[in-house]
Amino acid sequence: MAKKTYDLLFKLLLIGDSGVGKTCVLFRFSDDAFNTTFISTIEIDFKIKTVELQGKKIKLQIWDTAGQERFHTITTSYYRGAMGIMLVYDITNGKSFENISKWLRNIDQHANEDVERMLLRNKCDMDHKRVVPKGKGEQIAREHRIRFFETSAKANINIEKAFLTLPEDILRKTPVKEPNSENVDISSGGGVTGWKSKCC
């Protein structure tokens, strides 16, 4: 039997409208790569990265979910078992910020009650095209008592910091049991098709 190379397994989700840059954020953290064109995620795909925090090796299983409204029924089952969720909006897209409230309601309905949440104000390198003031994001974060980060996958701003802070908060919040790998289904998110979309 192969020796397990990690102490804990955390399932994290990236949630938000299509085109806000979730895939770019994920690839910047997992592969330290940035591409202006990715295939828009129709179902769900995930990346694995192991980090060391508080003396423990933690395997992060990070799921990139479809943002389109019509695919919410597909992603609902993936909330189950998530220990941390990053909500992402695009500072150049006012609708993506308005929909954060809907995503928060989705989390309340489908995720574990004690799931750790974080709000990302993405594409902060495009501040000259900003339509969502920073203060609005800070306000909604305060109202829901969640962390708030300004991020940019393109400029590599706060990506690693956000992805390390979320599991740190999970570690502090609850005593975490070591996972049974047999209970973790990583096969159902492999089917990805789609079209090209811009993200930062």
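Using N, Cα and C of the backbone, Cβ positions are placed for all residues, glycine too.
The range from 64-81, 100-117 that Swiss-Prot describes as motif 'Switch 2' is residues 64-81. Checked against Swiss-Prot, the range among 17-31, 32-46, 152-166 recorded as motif 'Switch 1' is 32-46. Reduced to three states, the DSSP call for GLY21 (GTP binding site) is coil. If you measure from the Cα atom of LYS102 (ubiquitin cross-link) to that of SER18 (GTP binding site), you get 14 Å. LYS154 (GTP binding site) falls within neither a helix nor a strand when secondary structure is assigned with DSSP, and so counts as coil.
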